[in-house]
Amino acid sequence: IAATQPSTNWHLKENARDHHTSKFSSEELIVRRGQTFTITFNGAERPEQNLVFIAETGPKPSKATKTLATFDISSTVSKEGWSAVLQSTSSNSVSISISSPHNAIIGRYKLSVQSGSSSPASLGTFVLLFNPWSSGDDVFMSNKAECEEYVLEEFGIIFAGNKNHISSFGWNFGQFQGDILNICLAIMDRSLYYRQDPVTDVSHRHDPRYLGRVLSAMVNANDDQGVVLGNWSGKYEGGKNPSSWTGSGEILQSWKKSGFKPVKYGQCWVFAAVLTTVLRCLGIPTRTITNFSSAHDADGNLRVDEFYDTDGNHLERGADSVWNFHVWNESWFTRNDLGPSYSGWQILDATPQEESGGIYQCGPASRYAIKEGEVDLDYDGPFVFAEVNADCMYWNYDSATGKKTLIFSKSTEIGDSISTKAVGRDDRVDVTRDYKYEEGSAKEREIFKKARKKLGLEDKFDPTAPTQKEIEQKPDISGKFKVAGSLEVGKDLNLLLVLENLQSDAKTVNVNMTAWTTLYTRKLVSEIWKDSLSVTLAPKEEKQFPIKIKYPEYQQQLTTDKTIQVTALCHVEDGIQVLVQRNITLDNPAVDIQVLGEAKVNKEVVVEVAFTNPIDTEVKDCVLQVEGSDLLQGTLELRIPPLKASEKSSTKFKLIPSKAGPKHLLVNFSCDKFADIKTFKMVNVIN
């Protein structure tokens, strides 16, 4: 057999169909572990006699690290290890059914066969992935519709905006396109863990818990020259603005093409989307989760401190912050290290916020453990618990004296409308109850105390904490900002400040108001408006004060996050201060997509994208970027001529779909006045 190099028929089509890997377009066999696949090869003498197969992976294959398996032909599939069962033989070829164990290491394998005393002959290579369809696998998911969504679906919807105004945009995960699988394998081989000890690293690649943690570190560029470089400065020269991406493919391809230099730039949803692509590609069921009013608790006390000056300006003091939203991942696998009740959805976060074990990585944290306040369990429980359930303290800080005074504290502010895309539909599903008990309930407070106790925070005297007297003080007035009119980029912003006297005697109030443009992390960018007023409120009286921030006042300063923070600090004579605040996200105008005619495989179809300039000045530097798995290769970029006030543009381009089924076309339109207007359209492609 060694004399002639055997030629191998990998039965690509049949094996791919059986292993749910048909969406990969590869000339190499891609199969899932714990399941049989069939190959046929020729050049074997008397095959039933002493054929030995060798499957090996990693830099130094060995039986001790389970990176090398040798197995001969047996009559039945082995439950434990690798096995080969003879299917059929003819005069010069043999068909064998090979199966791998449920906990096999994933990655690229070399397969060889040896007959008698001759030296092994290579049959070629194949890639082995996790198998959520197989009940013995750590990533087994019994619901087939969920497997379809969380492993096989290449399109996703990511939720953003803020808790009062949730918006969403499409994303092209594209885990089965082109070279993505090879790039995912390369990511594993470039991690710090692999560089420090390749043999041990590869030997752990059977474990989704290990790989999830390693990949959460590799998707960000910190520490390890990983895939995406984060940038939250509001200035994105030398790279792409994080809000301009529409899919992971372009990012992963650029990382590889540049010789593995981090791609500029990402923010939380980019890290989460790229991690979704990588994990789905490898076969671990994964989804993106958006948490609104998300806490970044930098000092681990489950409390977020925010500071304001007497004019009501939000001060950048301390490392804690609250983001309008934050996006992370959940992946589905068992937690043999913690026990059965902790299995299921696990939180992974690839956004570099805090180090864990000396590296910017986060998770897996069991979602059940977070809900139950079991913050001492691996990994990163305290940080994730704080993201969804920290307490908020608002302080007035006097820079002259360095004195800080508590304005008020709130325990129901953080972790709102936690959202993910529905299975098989484009709707939002609220999963807040899976992260915590009802806000304000006795059970939720009990869990919060339990978490603090586990971290040793209950017993320690904390000099930075407010006193009981400060916490219990009651304000004389209440206030809120109401939106009056539409929240659209290009229009004036109309608000009402509503103040109410809660007491039965008159109150005089001096109000200092400011408005700033911000990033979605609430980092302040520019002050766009300020005003003050003085008012006397009769007993129990409510008064409304209209506020108008004109488009020209904010137009230059608005970031691509389209967010504005409005603050009113109310100084009540002989009473405590009251802070009224609102974070506002503006909506972009709409872009419309029409598919003209029927979309058929390998046939041209015309798509029309229309945009109407809603403002009374010209918009220029208009660019349209389009992508969609199986609809077009890579990203299409089209330049569009300037548009006068109220003018409508219509751009046509051609697609040639490569595969049938429901596909998603994603469009991103930008110009000098409107950044990254996103929309998507489902295109049903027929054969």
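Heads up, the Cβ atoms here are built off N, Cα and C, so glycines get one too.
TrEMBL annotations:
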type     : residues                       : note
ACT_SITE : CYS268                         : active site
ACT_SITE : HIS326                         : active site
ACT_SITE : ASP349                         : active site
BINDING  : ASN389, ASP391, GLU439, GLU444 : Ca(2+) binding site
DOMAIN   : 260-352                        : domain 'Transglutaminase-like'
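When the domain 'Transglutaminase-like' (260-352) is classified with DSSP, helix, strand and coil residues number 18 helix, 41 strand, 34 coil.
Confidence annotation: the domain 'Transglutaminase-like' (260-352) carries a mean pLDDT of 96 in the model. Same-chain residues that are not part of ASN389, ASP391, GLU439, GLU444 yet have a Cβ within 8 Å of the Cβ center of the Ca(2+) site turn out to be ALA390, SER411, THR412, ILE414, GLY415, LYS436, GLY440, ARG445, PHE448.
One residue stands out among the recorded positions ASP349, ASP391, GLU439, GLU444 for having the most other Cβ atoms within 10 Å of its Cβ: ASP349. ASP349 (active site) sits 9 Å from CYS268 (active site), taking the C-alpha atoms as the reference points. For the pair GLU444 (Ca(2+) binding site) and HIS326 (active site), the Cα-Cα distance reads 22 Å. Considering only the recorded positions HIS326, ASN389, ASP391, GLU439, CYS268 (active site) has HIS326 as its nearest partner by CA-CA distance. Cβ neighbours of ASN389 (Ca(2+) binding site) (same chain, under 8 Å, six or more residues apart in sequence): ALA295, LEU302, ILE414, GLY415, TYR435, LYS436, GLU444, ILE447, PHE448, ALA451. For HIS326 (active site), applying a Cβ distance below 8 Å and a minimum sequence separation of six or more within one chain yields CYS268, THR290, ASN291, SER294, HIS296, THR351, GLU387.
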